[in-house]
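Structure record follows, encoded as structure tokens.
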Amino acid sequence: MAKKDYYEVLGVNRDASDEEIKKSYRKLAMKYHPDRNPDNPKAEESFKEAKEAYEVLSDEQKRAAYDQYGHAGVDPSAGPGPRQGFGNFADAFGDIFGDIFGGGGGNRRSNVYRGADLRYNMEISLEDAARRTETKIRIPVMSECETCHGSGARPGTQPVTCTTCGGHGQVRMQQGFFSVQQTCPKCHGSGKMVKEPCPSCQGAGRVKKHKTLSVKIPAGVDEGDRIRLSGEGERVNGGPPRDLYVVVHLKQHDIFQRDGGNLHCEMPISFTTAALGGEIEIPTLDGHAKMKIPPETQTGATFRLRGKGIKPLRTNDPGDLMCHVVVETPIKLTERQKELLREMEEINLQDSDKHSPRAKGWMDKVKDFFQ
């Protein structure tokens, strides 16, 4: 079956920006992740397709090669197999020029393949992001089959020479005037075939397992930051292990919104406090703090508490807490309260220029508009 177009897989246009590609991949990865769709092979296949497409389109060089040469520009094998990730452009097309200029080629590549880097999305609270902490995660990994030790063959048997490529790992294909050598679609470059599959892994050489890891979260991490766990990624065919990248996502906070090192919050105050001034108590990540409200404070006024934000990663100075005032209109008034407010309104109307200059100015503009 022919591979799907990577842009179609991610649902983006061919001129999509890096951010659009990243956003689309995140959405698909969350939707089709195997942990969210257990025992659903279609979802797992969609997840793999999205991951493969993103690995190419998020890399500038691979994307350029794909745009010019299609799938052959990034992965000549064009099919699933023990080789994960993608070779570079020179690997994919180096043999073409050897054929043209008499280099021949045809030697099988080394069988030591690297696996793929893994990604894990982790949600943490704003409080955990602000201070250094440690947590545990449980991740699915593809591990070498202990029964066949990664060969994919039934114990007591050995893989046999691939009948398609004769053990070379590559096949020659004619494309117009060019003779192109591509990775063998049958053995995926190994030069070997499994005649009797291992009963434990069905010939894949790997089995799905789960492992628990401890993740140290540095103080000041922000949305999208990555924590690298070296050697905790995939290991394929005895090759060196890749890495696991834990991607930080911040949970929505009930009070604060983060903007780099600064924190923002709404600060409702009564209209009497706004008019007369006073002192209120506000929450911070370190506890509570006192703030003085000057008389005649209006909705939209912002007060800054220096140093009460978050100290961003790799910086020494913490940000500030920005408190945005919202003057609250009283509700469910008693008759006595209504009476006092009407009395106050009568007094205000006697000198509205002084007591409500913005309202007076606005009404004057309205009158001028309709004249």
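Cβ atoms are placed via backbone N, Cα and C, with glycine included.
Per Swiss-Prot, these features apply:
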BINDING   CYS145, CYS148, CYS198, CYS201  Zn(2+) 1 binding site
COMPBIAS  32-52  compositional bias 'Basic and acidic residues'
DOMAIN    5-70  domain 'J'
REPEAT    145-152  repeat 'CXXCXGXG motif'
REPEAT    162-169  repeat 'CXXCXGXG motif'
REPEAT    184-191  repeat 'CXXCXGXG motif'
REPEAT    198-205  repeat 'CXXCXGXG motif'
ZN_FING   132-210  zinc finger
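Structural mapping of features recorded in Swiss-Prot.
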residue: CYS145; record: Zn(2+) 1 binding site; Cβ within 10 Å: 20
residue: CYS148; record: Zn(2+) 1 binding site; Cβ within 10 Å: 24
residue: CYS198; record: Zn(2+) 1 binding site; Cβ within 10 Å: 22
residue: CYS201; record: Zn(2+) 1 binding site; Cβ within 10 Å: 22
Candidates 145-152, 162-169, 184-191; stretch with most C-beta pairs under 8 Å toward the repeat 'CXXCXGXG motif' (198-205): 145-152
Env. residues of Zn(2+) 1 site, Cβ within 8 Å of mean position of CYS145, CYS148, CYS198, CYS201 Cβ: GLU146, THR147, HIS149, GLY150, SER151, GLY152, ALA153, PRO197, PRO199, SER200, GLN202, GLY203, ALA204, GLY205, ARG206, VAL207
Model confidence over the repeat 'CXXCXGXG motif' (184-191), averaged pLDDT: 80
